[in-house]
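Novice: Annotations for this protein, taken from Swiss-Prot, read as follows:
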type	residues	note
CARBOHYD	N11	N-linked glycosylation site
CARBOHYD	N26	N-linked glycosylation site
DISULFID	C95-C117	disulfide bond
DISULFID	C109-C122	disulfide bond
REGION	203-255	region 'Disordered'
CARBOHYD	N237	N-linked glycosylation site
CARBOHYD	N272	N-linked glycosylation site
CARBOHYD	N277	N-linked glycosylation site
MOTIF	282-285	motif 'CXXC'
CARBOHYD	N304	N-linked glycosylation site
CARBOHYD	N344	N-linked glycosylation site
CARBOHYD	N360	N-linked glycosylation site
CARBOHYD	N380	N-linked glycosylation site
Amino acid sequence: MANPSPHQIYNVTWVITNVQTNTQANATSMLGTLTDAYPTLHVDLCDLVGDTWEPIVLNPTSVRPGAVLLSSSPKYGCKTTDRKKQQQTYPFYVCPGHAPSLGPKGTHCGGAQDGFCAAWGCETTGEAWWKPTSSWDYITVKRGSSPDNSCEGKCNPLVLQFTQKGRQASWDGPKMWGLRLYRTGYDPIALFTVSRQVSTITPPQAMGPNLVLPDQKPPSRQSQTGSKVATQRPQTNESAPRSVGPTTMGPKRIGTGDRLINLVQGTYLALNATDPNKTKDCWLCLVSRPPYYEGIAILGNYSNQTNPPPSCLSTPQHKLTISEVSGQGLCIGTVPKTHQALCNKTQQGHTGAHYLAAPNGTYWACNTGLTPCISMAVLNWTSDFCVLIELWPRVTYHQPEYVYTHFAKAVRFRREPISLTVALMLGGLTVGGIAA
């Protein structure tokens, strides 16, 4: 099975999970490609902590006489309003557990029981006076702003953002981090994972029998009796005709033969409307070997969208490589010298996460495949480039002498006949083609 286009749009959901309670702390969904669907994630610290930061508090009346009461109340946790408010004042730091080999050399960062922060230098992000940072970790975690000053609700917001390394990482499975409060004494630990769930917009086609095979029928013949029946007037002695209810019949499913004939007829109509002199005496032949389609480069006006429009959500059913494109049209990206002949006009694209939607009935032919939309994030981070095309069936145009030679015993001309595809003859004059 061919690899999907990197410009394909998916429904991407990012999930933050509290590891200690195995509960979902946050889920954020968006439409985008696997290259640009990296939103800013928001979660409250208490959703990562739950009840795990609630140390046992001794009742002073139950303390044995002579014992020293070190603390009458904890100053962190999520049980009470006071604890949540006090918790806002503590710095915190975050240590990765997904790649222990990438930590500082000679430093043992421990395991989950240490929050992966068994030694200083293991922390890669956080909100603390020493500004923990990293050049290789996948996320940054900072304190957000809370509109709830009373802390009756959630008032310890955290903001997670993906780094450049995180956008380039493989997210086939969840990745774990440990978060610790920086305080005198023991620094409490919260463990959380970040995972990505990807689903296609278009439901996948079920495997099974080829549905085209039962439709292998020859082209149907036109009925010759329809006009005769319509001109006959029934003989009757009745003074008024009887009303007969209309008979409704469902549309008849045409066979493969009719589909192929319709494809050639549509090509003929397009050619006849463009250059009727060429259709006076010719043969149009549908190519029976792949590639069955070809792309004709055209100039057109695409739309620039910040979010993928509905036209971007479909996956092209046709397959086309850049080598099957001819003509000259609009190119996007950095086009290598080997393909610059396809470009009548070249644009570098746009910065940021934009989607360039091809006009209705057209596609972008990229060196990574066919797509209705270009993700600028993919284009800017890869060596991909694209050409705006119309998609046409490969129907060849022949002079009548070329076909006659197949039935004659001897060749009736000396020079090699020239065969062209109809798409090349039209040169992309009809926006949208006939195969789109």
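Using the three backbone atoms N, Cα and C, a Cβ is placed for every residue, glycine included.
Can you tell me where each of these features sits in the structure?
Specialist: Of all Cβ atoms in the protein chains displayed, 15 besides its own lie within 10 Å of the Cβ of N11 (N-linked glycosylation site).
Of all Cβ atoms in the shown protein chains, 19 besides its own fall within 10 Å of the Cβ of N26 (N-linked glycosylation site).
Under DSSP, C95 (disulfide bond) is assigned to a strand (E or B) in the three-state scheme.
According to DSSP, C109 (disulfide bond) is assigned to coil rather than to any helix or strand. In sequence order, C95, P100, G103, F116, C117, A118, A119, C122 constitute the residues six or more apart from C109 (disulfide bond) in its chain with CB-CB distances below 8 Å.
Within 10 Å of the C-beta of N272 (N-linked glycosylation site) there are 13 other C-beta atoms, taking all protein chains into account.
Close to N277 (N-linked glycosylation site) in the fold, though at least 6 residues off in sequence, lies no residue with a CB less than 8 Å from its CB. Look at N277 (N-linked glycosylation site): DSSP puts it in a helix.
Shown for the motif 'CXXC' (282-285): DSSP residue counts in helix, strand and coil, namely 0 helix, 3 strand, 1 coil.
Under 8 Å, Cβ to Cβ, and six or more positions away along its own chain, N304 (N-linked glycosylation site) finds H350, H354, Y355, L356.
In sequence order, A297, L299, Q328, G329, L330 make up the list of same-chain residues 6 or more apart from N344 (N-linked glycosylation site) whose Cβ falls under 8 Å from its Cβ. Look at N344 (N-linked glycosylation site): DSSP puts it in a strand.
DSSP assigns N380 (N-linked glycosylation site) to a helical segment in the three-state reduction. Listed in sequence order, the residues of the same chain lying 6 or more apart from N380 (N-linked glycosylation site) and placing their CB within less than 8 Å of its CB are G349, T351.
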Novice: The motif 'CXXC' (282-285): which same-chain residues, six or more beyond its ends, come within Cβ distance under 8 Å?
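Specialist: For the motif 'CXXC' (282-285), the list is 264, 267-268, 271, 395-400, 402-403, 422.
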Novice: With the cut-off set at 10 Å between Cβ atoms, which of these disulfide-bonded residues ends up with the most neighbours? Options: C95, C117, C122.
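Specialist: Per the Cβ count within 10 Å, the most buried is C95.
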Novice: For C117 (disulfide bond), which DSSP three-state class applies?
Specialist: coil
Novice: In Å, rounded, how far does the Cα of N26 (N-linked glycosylation site) sit from the Cα of N11 (N-linked glycosylation site)?
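Specialist: Answer for this pair: 16 Å between alpha carbons.
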